[in-house]
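The next block holds one structure in the form of structure tokens; read it before the comments.
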Amino acid sequence: MENSNFAKLKARTPQNAIKPNISISSRETDSTVELLCWLDKFYPKEIKVMWYEGETLFNDEKHNFNIFNKGEKAFFARSQISINAKKWNEGTEFICEVEHQSKSVRQSWSKCKDTPTSKPIIRLEKPSLAATLADSEVTVSCVVESVFNAEVSWHNDRKPITGKVNAMRYEMTTVNNLTIPNSTWNNLKTITCEAKHQCFGTETKTLKIIESSPKTPTVEIRRVLADMPQEEESTVFECVARDLPSGELSVTLHANNSQISEAQYVDLPKGLDSLTTRFTVPKKDPAKAQHFTCQILQSPSTWWNSKSTGNLFDAPSVELSVVPSTNEPGSTAQKILCSATGFYPKITWSTKSSNQKSIERAVKADGRVKVSSEIAVLQQEWNKADTIACQVSDQGFSVQKDVNICAVTPVQEVHIYLSASSISAEIVVTCLLVGHKLNDFSITWKVGNINTSPEDIIQPPTDHKNGTQSVCSVLHVPAVKWNVYMTVSCEVKHFCAKTPEKRTISKTRGKWSPKDRPLITYSSSLFRNKEPKMGSTRPSDEDLSGIHNVTLLCLIEGFYPADISVHWELDGKQMSASRFTNSPVGNLSDSGDYSMHSALILPVLNREYGTFACVVIHDSLKNPKSTTINNMFASVNEHAPSVKLLQGQDELVCLAYGYSPSAINITWLLNNVATQRNSSSSSSARGPDGKFTIQSHLKMQALDWVPGDTYTCLVQHITGSVTQTVSKTETIYFDENKSVDTVLDQAEENWNMACAFIVLFIISLLYGCSVTLIKVKTV
């Protein structure tokens, strides 16, 4: 290699002398380096050249020195020496010194000046992850790219690392390999390569053994849905990792905590923090290994595992459910949903319906596959309680689940009330059902053991605000059968129930009394009926004034036997049975007497006036018994009060009566000023006509009532205000001593006033006449 870089120095010379220009160049061979010192255009010819190695005179037997003259007035010279290439490469400095005209000029040269100085490029190559896991020793390499043959050393936290070193030089590259035990390598966090040379000084490069990640890496194992139809001989898993550190990582598949795959090594560059690796597992292996995990390993001491899959090759699980009906008009099909979870399950239906569709196929977090299929069964077929089967096959397993309308429609609880009314020639037996979805129930009547059909058509269920429904079935039983104590039964059966629920009723025999025990024989007189006691409660005024319907309640108690008929009448006319509700008959006390109640609903928006009667018919009564309620709404209709003011010896009494509603206020006024002294008012009292009466008392002494004072009773009501007033007459007292003078004085005053009035009237009349005459003459 030959370089043509020159260093020039100019020196001052005496007059008529020419100083030499000095330049040095080098030429490298395999083992030596030739240095050339050029002296250009100097005069006179006498000149001396010496070489120094550093500050030591360099002795070279092969020193070649020549002087030339090219026909000019100046001379040229060349000095050439050969030096050791090793010293040259180490950067040793050589000096060419020239003596001319008693003056000395020198120029230094070295490889550092011959070659442009630049920092070396250092690369560290750590051992592969596979080597750190398998070998007992590992080798780390430091590659220095520079024209200078640098000296390389190894450090860790500024402490030298000892080991086997192998150094090599290739053209402009120096490679230094350090071999150390695996245990030493695994204990290191960083390692530093130091390159040192006289030309560029010291340069270092530090390698971080294990890269860190700002986030905790996450690893997930999953199956790809697209691969599953082809998974006849093998199973494909994907290992997906995120937030990974850069560097070399190994990915392995484990089954039951044992590695079952070859490690796949991935060198993750900086800026990329995720990877996806696929593994294929033959079918022969899954039978033994059923729980799979993925492992990402960075070093023997650092790794991350995924969550374990489920038992992929276990028998499939099946869920069969009925899709809730939307209750859309015209809906004629019932939808059934079958969901299966397994390795890769397949669903088949027992019905031949063509209206089938697959609505889901997905891989769950545990690696098992969930498939769902929906079928629409005709409503007629569904209501027949036909069984619909969903069969699932997977990995040689076969699982089946069945469903029908009864399996998803539990037998509803229903309350059954059976009552009979013993009036007229036919007995009316009523079977009342209260519950939910009453259309699913059937009602069967029996008189004795013979099925009997009700004459009335059963109406559709009635919906109530609390979410329940009610259905009523009525059977007319001839009195002939009833009076011989024949049993009447109402059997209610849910279409999914195995047995019906039964209620029975019959005419109750009279109650036997021990005190009527005969001496020889028994007769019907031993059994006595007990007459019911009746009472009624009317709604409060607050309820009557409200916006909701009100209820009249009739209480019947202490009767025996239990057969009883209760209805309501308005002004002697029987009201519809839909207007009132009779409770079931129950035992009132230990004596065995019965009680019940009946509630009549009165609409507030359509008030009915008249006499309401609760009528009871019972075997103990020769004639129907009733309790009446009159003037139902009189207490809330607006009626103005009538007011009377009564005077007693020591008090005034203000009486207001015939008013409604009951809210009223009475105030006492003395000479139009309110006074409440010694006053008290009673509470409003309801009268038989439903209207109210109230009285207010004002206590007073006769001496306190000054003549001319006026007492007023002010009654304020929603209909208006009413007042009644009373006052004490003024008394004129006659004084015999002053009576004559008083009369004369008054007569004189009256005469004087009359005279004055007459005089003024005459004057005004004369004045008016004179003025009129003057105006007429002028005209």
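Note that Cβ sites are derived from N, Cα and C of the backbone, with glycine treated the same way.
As written in TrEMBL, here are the features:
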- 14-106: domain 'Ig-like' (DOMAIN)
- 120-208: domain 'Ig-like' (DOMAIN)
- 316-404: domain 'Ig-like' (DOMAIN)
- 410-506: domain 'Ig-like' (DOMAIN)
- 532-620: domain 'Ig-like' (DOMAIN)
- 624-727: domain 'Ig-like' (DOMAIN)
- 751-774: transmembrane segment (TRANSMEM)
Whole-number mean of pLDDT values that fall within the domain 'Ig-like' (14-106): 83
Secondary structure content of the domain 'Ig-like' (14-106), with strand meaning DSSP E or B: 5 helix, 55 strand, 33 coil
Outside the transmembrane segment (751-774), six or more residues from its ends: residues with CB under 8 Å to it: none
Within the domain 'Ig-like' (532-620), residues counted as helix, strand or coil by DSSP: 7 helix, 46 strand, 36 coil
